[in-house]
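What TrEMBL records for this protein:
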- Cys269: active site (ACT_SITE)
- His327: active site (ACT_SITE)
- Asp350: active site (ACT_SITE)
- Asn390, Asp392, Glu440, Glu445: Ca(2+) binding site (BINDING)
- 261-353: domain 'Transglutaminase-like' (DOMAIN)
Amino acid sequence: FLAATQPSTNWHLKENAREHHTSKFSSEELIVRRGQAFSITFNGTEKPEQNLIFLAETGPKPSKATKTLATFGISSTVSKEGWSAVLQSTSSNSVSVSISSPHNAVIGRYKLSVQLGSSSPASLGTFVLLFNPWSSGDDVFMPNKAECEEYVLEEFGIIFAGNKNRISSFGWNFGQFQGDILNICLSIMDRSLYYRQDPVTDVSHRHDPRYLGRVLSAMVNANDDLGVVLGNWSGKYEGGKNPSSWTGSGEILQSWKKSGFKPVKYGQCWVFAAVLTTVLRCLGIPTRTITNFSSAHDADENLRVDEFYDADGNHLERGADSIWNFHVWNESWFTRNDLGPSYSGWQVLDATPQEQSGGIYQCGPASRYAIKEGEVDLDYDCPFVFAEVNADCMYWNYDSATGKKTLIFSTSTEIGVSISTKAVGRDDRVDVTSDYKYEEGSAKERDIFKKARKKLGLEDKFDPTAPTQEEIEQKPDISGKFKVAGSLEVGKDLNLLLVLENLQSDAKTVNVNMTAWSTLYTRRPVNEIWKDSISVTLAPKEEKQFPIKIKYPEYQQQLTTDKTIQVTALCHVEDGIQVLVQRNITLDNPAIDIQVLGEAKVNEEVVVEVAFTNPTNTEVKDCVLQVEGNDLLRGILELRIPPLKASEKSSTKFKLIPSEAGPKHLLVNFSCDKFADIKTFKMVNVIN
């Protein structure tokens with residue numbers, strides 16, 4: 001029957017891709033989704049259908065027992081359970097069949113062969129099978145089609161950053177359908193510790209989004225397994241790229257492959273989350289990035305974060321706990337057959353290497369519903385995620401000479417605010433805080449917190465490191481806050497007001513020690529910028545304001561590329577308890593402006609102009625403009641720009657040739673010696 005030579009196969013790439021929502025991949029190989037039929041035609045002879053047997057196999061040792069090998073003949077209907085083939089047509093020398101895989105098939109690259117009777121199988125070629133969120137039988141089924149478009153097919157994303165007082169955002173090119181990304185994602189799976197230890201079992205688990213989500217959360221960071229991205233939170237990034245300079249995942253994944261799978265330097269939380277989004281969307285698991293503001297890193301699983309300050313108001317790096325201005329993780333959408341239907345839906349995955357889980361740096365999937373309900377005893381890593389959005393905060397004064405610590409104050413409403421993600425189909429921010437917890441300050445929220453503590457056994461045992469009830473309930477005599485006066489821009493002086501109010505009906509004398517430090521977004525102090533101390537007397541119920549000015553030259557050299565400054569005032573009230581006033585400030589970069597000059601049409605040149613004005617009164621040099629955008633230009637365009645004198649405006653023009661119609665996003669990143677990574681994006685509507 002089959003020609004002595006290799007049978008030639010027509011994979012009907014265009015038609016199958018359209019049916020399977022895989023048209024965006026640029027591949028000569030068939031890419032389809034599980035639980036759905038695809039058509040192929042191959043050459044043969046007449047009436048072969050009676051005894052044709054197909055073989056679909058994946059992984060290193062395909063077997064029926066591990067569901068990595070399927071053999072199936074021609075049947076009249078699609079099988080409910082396994083693989084099946086239904087004859088569509090035959091001619092004198094070819095056969096067309098429709099092949100269906102089960103809803104729970106292992107995903108990955110398959111070899112497809114056919115045999116007639118007892119002859120040896122002839123290879124028809126290979127195809128790639130992915131998860132299918134459009135199919136109701138699949139664990140990743142997402143009933144809302146607009147959400148499928150956004151969380152699987154959209155290659156552009158917006159990541160939120162900054163701090164709770166001032167939320168900023170930047171664009172990101174996930175690029176999951178570009179070039180070789182699918183092959184790189186498949187090789188990520190084959191390089192995990194799980195695969196190296198037991199390849200057969202690992203591949204047999206690849207039908208399960210829970211399993212793959214956890215494995216990939218470990219593989220996206222370099223810890224343990226020489227994964228994709230190496231984290232660096234030192235503020236020094238020699239030998240690699242500053243984490244804030246990346247604008248897309250493609251460059252990172254391709255660098256990893258090109259270097260022979262050496263970890264790419266360097267990443268911080270949003271880089272890990274963005275790369276994991278790319279990998280999971282590529283494989284067909286609906287995924288999005290989530291930003292949590294004032295995010296707790298609770299290292300000792302006591303649902304409490306302790307911060308220490310010395311008498312001068314300096315933030316001390318003591319203990320492993322920390323509060324980050326923001327932290328970015330992922331949510332992926334799938335069912336939790338292990339926990340029950342109410343725990344299905346969005347699951348938290350976190351590829352940032354913070355704490356080990358099961359001996360390696362991986363985190364999740366933690367059911368978002370379980371987090372909200374305080375079910376911290378459920379798989380996986382619920383206590384850590386619960387603390388990220390819910391931990392209580394304790395601020396201590398620490399005396400290094402005596403080792404004595406004194407509680408300044410505690411709060412249960414500081415952590416987990418303005419939890420944010422990009423809107424479906426729009427470039428807007430959506431607040432999802434209420435999906436993670438009940439309203440702060442409500443009785444229900446405190447009940448859930450107690451329930452979580454109880455499940456972790458924290459309610460019943462004495463904790464010598466915890467403050468006494470007496471310490472917690474002590475009331476301060478004064479209150480204070482920092483107010484921003486004027487703009488918060490890199491290149492401009494920083495003007496603040498320290499506002500102190502006497503809450504009592506007798507006068508109070510207060511000694512105030514103030515410091516300002518440049519920090520990372522994790523609030524890790526890097527350089528001292530300024531310090532001062534004042535002594536003030538407040539009349540009964542009096543409020544006073546004290547202006548603070550930190551000049552640009554004072555902070556310019558000290559600032560990190562996160563552009564964050566922590567200002568602290570530790571107020572020592574005579575005969576009263578200490579009061580800590582602090583504010584985390586994120587400075588804005590100056591703006592850059594993008595204009596598309598004329599209409600953007602497919603396969604026609606269009607000019608784009610990028611303008612930047614130097615806001616400082618000194619020259620800026622080493623200016624570089626980086627541009628990327630899927631379907632607008634290939635790869636990353638890098639342009640060098642001459643130095644700019646004080647207040648001078650630069651205008652740079654370049655050409656694009658859009659390759660596809662529709663709304664496309666252009667991402668621009670401008671850097672110079674005074675400003676790092678000024679990012680913006682513009683939606684370009686391309687017409688045919």
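Residue positions begin at 1 at the first shown residue.
Placement of Cβ uses the backbone N, Cα and C atoms for every residue, glycine included.
Unlike curated records, TrEMBL annotations are generated automatically.
The structure displayed is predicted, hence computed values, not measured ones.
Positions of TrEMBL features highlighted on the structure.
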residue : record              : Cβ neighbours (10 Å)
Cys269  : active site         : 28
His327  : active site         : 27
Asp350  : active site         : 30
Asn390  : Ca(2+) binding site : 25
Asp392  : Ca(2+) binding site : 22
Glu440  : Ca(2+) binding site : 15
Glu445  : Ca(2+) binding site : 18
Between His327 (active site) and Asp392 (Ca(2+) binding site): CA-CA distance (Å): 17
Within the predicted model, mean pLDDT of the domain 'Transglutaminase-like' (261-353): 96
For the domain 'Transglutaminase-like' (261-353), the number of residues DSSP places in helix, strand and coil: 18 helix, 41 strand, 34 coil
Environment of Asn390, Asp392, Glu440, Glu445, the listed Ca(2+) site - residues of the same chain whose CB lies within 8 A of the CB centroid: Ala391, Ser412, Thr413, Ile415, Gly416, Lys437, Arg446, Phe449
From active-site residues Cys269, His327, Asp350, the one whose Cα lies nearest Glu440 (Ca(2+) binding site): His327
Separation of alpha carbons, Cys269 (active site) and Asn390 (Ca(2+) binding site) (Å): 19
Between Glu445 (Ca(2+) binding site) and His327 (active site), the C-alpha gap once rounded to whole angstrom: 22
Distance, Cys269 (active site) to Asp350 (active site) (CA atoms, angstrom): 9
Integer Cα-Cα distance in angstrom, His327 (active site) to Cys269 (active site): 6
